[in-house]
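Shown next, in structure tokens, is the structure this report addresses.
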Amino acid sequence: MKKGYIFILLTAIFYSTQEISGKMLAQKGAMDPFQVMMIVFLIGAIILLPMAVKDIKVKKLKLTGNDLGYLALCGILAVSISMSMLQFAVTYTKASTAAVLFCTNAVFTIPFAYFILKEKIKGITIVSIIVSLIGVVIIFNPAKVMEGIGGSRDLIGICFALVAAVVWSLYTVISKKRIEIYGGYVFNCISFFFGVIALLILLVVTGRPIFSGITLNNILVLLYMGIFIKAVGYICYLGAIKETSAVTASTVFLIKPALATVLAILILGESIEVNVVIGIVFIIIGSIINYSSNKKANDLKKVANTSSAES
């Protein structure tokens, strides 16, 4: 169990630096957001490849055209759209704001799960959605937007972050259908490659740079994002699930809003406005309510399974 909590801490640290690393690249201004995600996920996919190949052999998986189409859809949603939108978000707004808003993906997952997976929505879940959305509105600060204070860049960045969160939640729900069949390494490795291919096509068609713009100043950040955030971070997350449980491991996403904000202040020197702090608190409370509900349901399921096994 102690090993599991170490995995949770490492995952939280790696995942909390996603937007900060992206912001560092955005500040240098030499690379296109789509280009950044193509390179980063290509690195991550290559690192996960040996483990994916091993799992395919062990599980004797035979991927059909239907499987590849499904994995391609997941890759396009997660890599080509969601993560690219998140990179655009940090180009326009603060890394801390983008990180916190992206963490609301758990809230948007609930309605998608209801319509796609036919999962029931409990009253406490609705409460968590409302509390989290209040946090989003506070961060938006409608009064400030109406007055035109602070310019439009922040608002554009916030919109990109919310699009990233919504698309990621859709990806999360769709991935639930088959991820257990393939296993985490196979699922992510292949979907990463499909996402990279889609981005490569986009870059070529639109005449955007593919590898130009990479310098000694930004290559280390790209390598860090690809190796530690996309590959090692996910390996640690799977380790956390294995050593604890899926529900316990999900505390990573309770830690991220606060940790990402602190790291953005320390590393990027960002200043955080009062409304953002209040919004973060609401989003964390909403996440805690949702986590507590899931944990209770998981505990009841374990008790039910134990009782049926004993009888």
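In case you wondered, yes, glycine gets a Cβ from its N, Cα and C as well.
What Swiss-Prot records for this protein:
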| type | residues | note |
| --- | --- | --- |
| DOMAIN | 12-141 | domain 'EamA 1' |
| DOMAIN | 166-292 | domain 'EamA 2' |
| TRANSMEM | 6-26 | transmembrane segment |
| TRANSMEM | 33-53 | transmembrane segment |
| TRANSMEM | 70-90 | transmembrane segment |
| TRANSMEM | 97-117 | transmembrane segment |
| TRANSMEM | 123-143 | transmembrane segment |
| TRANSMEM | 155-175 | transmembrane segment |
| TRANSMEM | 185-205 | transmembrane segment |
| TRANSMEM | 219-239 | transmembrane segment |
| TRANSMEM | 244-264 | transmembrane segment |
| TRANSMEM | 265-285 | transmembrane segment |
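Ranking 33-53, 70-90, 123-143, 155-175 by CB pairs under 8 A with the transmembrane segment (265-285) puts 123-143 at the top.
Most Cβ pairs within less than 8 Å of the transmembrane segment (185-205), among stretches 70-90, 123-143, 219-239, belong to 70-90. Ranked by number of Cβ pairs under 8 Å to the transmembrane segment (155-175), the listed stretches 70-90, 97-117, 123-143 are led by 97-117. Taking residue pairs at least 6 apart in sequence, the transmembrane segment (6-26) and the transmembrane segment (97-117) share three or more C-beta contacts under 8 angstroms. Taking pairs at least six residues apart, the transmembrane segment (70-90) and the transmembrane segment (6-26) share three or more Cβ pairs below 8 Å and count as touching. Mean per-residue pLDDT, taken over the domain 'EamA 2' (166-292), amounts to 91.
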